[in-house]
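Each remark here refers to the structure printed beneath this line.
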């Protein structure tokens, strides 16, 4: 019963095939993907929690950046130097952080900087949410290392896109989803994995047949791999992309800035 | 079968009401997104979220009104109301966020206009916007109450369909 990433989890669950809403797909080695959601709005926390749980993620929702850091064990210090040393090894594992931008006291941007500035936490992908679609704000966040920027209100299709950012498999998917580069990079050769199109407007995606040769190589190579690698269908993209940065055109340099992205680029794929 | 017909008719009423609200621009697609998040494990998700929205909104409206009264009541030149307008802006941002998250499109749009007036320290504009906001909010609240009432009735009506139909037919539930 391998769960394809794109099967709508709510339908899945209403068939009664997954007992708990937090049970992950079997194909991810029964390891729960844990998302930390940060938002000062109670309503938004409820909504994002439900959206994430419907996708079978384990969710922890907190109402501020400070609480998020506490949860992550940062708490203002790089390392936990408390006497309870055992906590270090029991450190709560978080696979993705999704945070609102506008929050009192500590904005999502501040939180992002703190996370990326921490040696222990910087590898955790961070996604920013905001009700305002401000390009400078988006750029700032992406430059600081955010994986993606979601404009509120958050929908199921936005959550689908998150799959590509989870690091729970040995088969990393290319995380090149950036809102602003969505159009220009869709047919870019270096974004040759399926998830490159996760930012495509049509994210209700089927993983299957992609017309464009390179993109599918990644997604179809490991059928038993987790949802991550197949979650985002490249099939819609070629027809979707209005402004095809041609296959040979280099992606925006900022794509390569993130160390994790560079890692993805260098992994064996067709380039 | 009377019982089945009742549930179906209620369902049709619900759809009609929703269609009307969509047509009027009161609700938008985000409301549908919320509905799609409901399932057996969280069958009341939408009404729960909407309840939170009502609760928060009423507090916000109260705060907005009292802040505006403070600005209005003080004709002191030194007191331009900058502080109050700032707080009004913060409240409106929150209101905009929550209404957008549940798909309350018209409420959100009025908040937007309200915020513009507040940014310009336009007291009259703010008062007008507040009145409009209260009106839109009331309308939305009434309609959503109606919607959830229909939903409750429908659940009840559909519920008695199981399992002993011959028994139910004698009871004439839906007359």
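Backbone N, Cα and C define each Cβ position, glycine as well.
Listed in TrEMBL for this protein:
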- A:192-207: compositional bias 'Low complexity' (COMPBIAS)
- A:217-234: compositional bias 'Low complexity' (COMPBIAS)
- A:242-254: compositional bias 'Low complexity' (COMPBIAS)
- A:34-167: domain 'Response regulatory' (DOMAIN)
- A:100: 4-aspartylphosphate (MOD_RES)
- A:1-27: region 'Disordered' (REGION)
- A:192-271: region 'Disordered' (REGION)
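Around the residue listed as '4-aspartylphosphate', taking its Cβ as the centre, 27 other Cβ atoms fall within 10 Å, counting all chains. Mean model confidence of the domain 'Response regulatory' (A:34-167) amounts to 89 (pLDDT, 0 to 100 scale). Each residue of the domain 'Response regulatory' (A:34-167) gets a DSSP state, and the totals for helix, strand and coil are 53 helix, 24 strand, 57 coil.
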